[in-house]
Amino acid sequence: MPSQASHAVSLTRYLIEEQRAGRINAELRQLIAVVARACTSISIAVSKGALGGVLGDAGTGNVQGEAQKKLDVLSNDILLEANAWGGHLAACASEEMDHSQPIPDAYPRGGFLLLFDPLDGSSNIDVNVSVGTIFSVLRCPEGVECAGDEHFLQPGREQVAAGYCIYGPSTMLVLTTGHGTHAFTLDREQGAFVLTQRDMRIPEQTREFAINVSNQRHWEPAMQAYVADLLAGSQGPRGKDFNMRWIASMVADVHRILTRGGIFIYPWDRKEPGKPGKLRLMYEANPMALLVEQAGGAASTGRGRILDLAPTQLHQRVPVFLGSKQEVAAAERYHQSADA
Ligand code: P6P
């Protein structure tokens, strides 16, 4: 029985149409196709679970000293090999790689910089909860033969493409090249991603928030006041009841928000002095912010637009408030009042 998707638009066809329309060039089309193929390989490895011998810790640490899962390392290698095989379309920077030296990739043929978190939420792997790959594409500055960290330090608004692949009950690739946010579902029978939702839109209002409330005592007062009012629901100043979700896998939480609205928050907390948040700007916050804004949502640090931030370090962290535009604005008002 041919798959139901056989009549639909494949990712390959979608990308060719975008190139024909002049919205992307051939090299960016190839780079996105290479990343998608790598995500298909990662999806296969993740879906094997215990049968694939890839669960558990790798016994190594990433550039931030965090324990790596075997699948973190495997996913990282799959993406690097895919880019190399694809002809070094981009110089790469990853959450898992140490970049103390200029990134020694061959000069990227397509003139792009690819940043990625190869397996976000990997602590969920061993308990069979959805995880994902997040990627961001920037232009490599003219004339740069060997990209160094400094060449990646561009504001998120400079991204030419961003996306994630969520390895859940189905594997989905969600992508923007600056012309809307679109969702593709992996048809395992065809081995291809198929367009299943064009132009995702986030409702401007919501009754659902996502945050790790166990950090409440570490938040700044404005944040404590904002969440207290969410929890007060219709008996408090917000005048409506809210629901809460927290999957602790950013890709899964953001996918829910792109699909039905909500606000996702990982605020600054005083748990780790000197760290302005947990999530990384370059390969978590920026790509998710572009996807969310392209779907009609908002993405803020609580005090300003994430995509306008001027990065200073490749692995820097940032507070994240993203999702339904009016709810993000409400959260910002609590911070503005506190700062006044
Ligand atoms: P916590 C996963 O480790 C991650 O980077 C994001 O995917 C997720 O949103 C967040 O951290 C979860 O953090 O503190 O709730 O475990």
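Each residue, glycine too, has its Cβ placed from N, Cα and C.
Just one of Asn25, Asn212 is listed by TrEMBL for the same substrate site as Asp120, Gly121, Ser122, Ser123, Lys278, and that one is Asn212. Of the residues Glu95, Glu142, TrEMBL puts just one in the Mg(2+) 1 site with Asp117, Leu119: Glu95. Per TrEMBL, the Mg(2+) 2 site holds Asp117, Asp120; the candidate it also names there, chosen from Glu17, Glu272, Glu284, is Glu284.
With a CB cut-off of under 6 A applied against ligand 1, none of the binding-site residues Glu95, Asp117, Leu119, Ser122 are retained. Close to Asp120 (Mg(2+) 2 binding site) in the fold, though at least 6 residues off in sequence, lie Val131, Gly132, Thr133, Ile134, Tyr164, Ser249, Met250, Val251, Glu284, each with a CB less than 8 Å from its CB. The distance from the Cα of Asn212 (substrate binding site) to the Cα of Asp117 (Mg(2+) 1 binding site) comes to 21 Å. Within the model, the domain 'Fructose-1-6-bisphosphatase class I N-terminal' (10-197) shows a mean pLDDT value of 91, rounded to a whole number.
Counting residues per DSSP class in helix, strand and coil order gives 60 helix, 21 strand, 53 coil for the domain 'Fructose-1-6-bisphosphatase class 1 C-terminal' (202-335). Between the alpha carbons (Cα) of Gly121 (substrate binding site) and Glu95 (Mg(2+) 1 binding site) lies a span of roughly 12 Å.
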